[in-house]
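Novice: Next up is a structure, given as structure tokens.
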Amino acid sequence: MAQRKLASMMGAALAASALLAGLVTPASAQSSGSSSTDITRALTSSAGVADSHAPEGGAKVVVFGDSHTSGTNAPYRTDERGCIKGADNWASQLQWQLGLGAGDLIDVSCSGASINSDGFHFSDEVRHAETRGAIGPNTTDIFIQLGKNDQWGGSQVNLLESVQTCLFDLAAGCGDRAVAQGKMQDPNAVTAENYASRMEPVIDYLKYYAPNAEITLVGYQEYTARSGSQVCVRLGGTPMVKNDASALVSFMNKLDMAIDGAADILDVSHVDLRSATEGHSSCSADPWVNGVFDARAEIVGGPWHPSIKGDSVTAGLLRDRVDA
């Protein structure tokens, strides 16, 4: 009975998450036509607003990333690609905290982006940055937050697809059995070497065309515990716990370590965002990430994505690196 109740409530959480994911998926990744782009722009406040362009020589700061970068908190705006940006995402807050004008910080992050799996690829974001004149000798800092939307090893599913399946599977759960059945990504495939090899061609390109920039790989906030087999998200005021989620916990740990290790391999910098936000997951007393309709964070925002407060913490950490 308890398991059925959990599945039912998790279903409500997932439905909300899926609805939001559909809203913020980039139109150009959904379709080659223009109708979906028009729809997403109609749902936001930015129809007809052109993206900013950098001054000659490039923007001071350039940001690449997925929905954890572009933001999932309402209200939304849409860029020229059809990518929806959430309110006060960390790139926007970083720009404000640094006092940079339009074009001095270029954010080309996009919900659903990956290194080289689904959605916009890292290389696609770089090409878009170049159309905006963002990359050049005047660029001092490049921040990159990617990896959660990628497929790893022989798995044909990404993290979102893994979670959508395993949360409701009472037999396999989100543990080793789910991995063996192909329902969950194999955490052991997420290594520093694998991450670095996928990033290296684009990182080398950025090093060449932005020779004065410090390139920093940004990790993800704390969403799950570092040990055990439980994951938790709040639905309204109720903590919803999935007990048999050891592979999901392991995946988060492995991705965190892979980003750190890849930074060493690629000879770039790294920001350990998970340690900086420790103790502020969805089910904590003071969450910096969203649950589902949890008023303590953002009512309308992606579950297991940063709240506006969480994004402000990230912006502050990165501001100090730019100022240093």
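Cβ coordinates come from backbone N, Cα and C, glycine included.
In TrEMBL, annotation is done automatically, which means it is predicted and not curated.
The feature signal peptide is assigned by TrEMBL to 1-29. According to TrEMBL, the feature domain 'SGNH hydrolase-type esterase' maps to 63-310. Residues or ranges marked as active site, nucleophile in TrEMBL: S67. As annotated by TrEMBL, disulfide bond applies to C83-C110, C166-C174, C232-C283. Residues or ranges marked as active site in TrEMBL: H305.
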Novice: Here are some disulfide-bonded residues: C166, C232, C283. Which one has the most Cβ atoms within 10 Å of its Cβ?
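Specialist: The residue with the densest Cβ neighbourhood is C166.
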Novice: In which DSSP state, out of helix, strand and coil, do we find C110 (disulfide bond)?
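Specialist: DSSP assigns C110 (disulfide bond) to coil.
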Novice: State the Cα to Cα distance, in Å, between C166 (disulfide bond) and the residue listed as 'active site, nucleophile', rounded to an integer.
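Specialist: Approximately 21 Å lies between the Cα of C166 (disulfide bond) and that of the residue listed as 'active site, nucleophile'.
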Novice: Just the number: how many Å between the Cα atoms of H305 (active site) and S67 (active site, nucleophile)?
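Specialist: Between the alpha carbons of H305 (active site) and S67 (active site, nucleophile) there are 8 Å.
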Novice: Which of the disulfide-bonded residues listed here (C110, C174, C232, C283) have a Cα atom within 10 Å of the Cα of the residue listed as 'active site, nucleophile'?
Specialist: C110
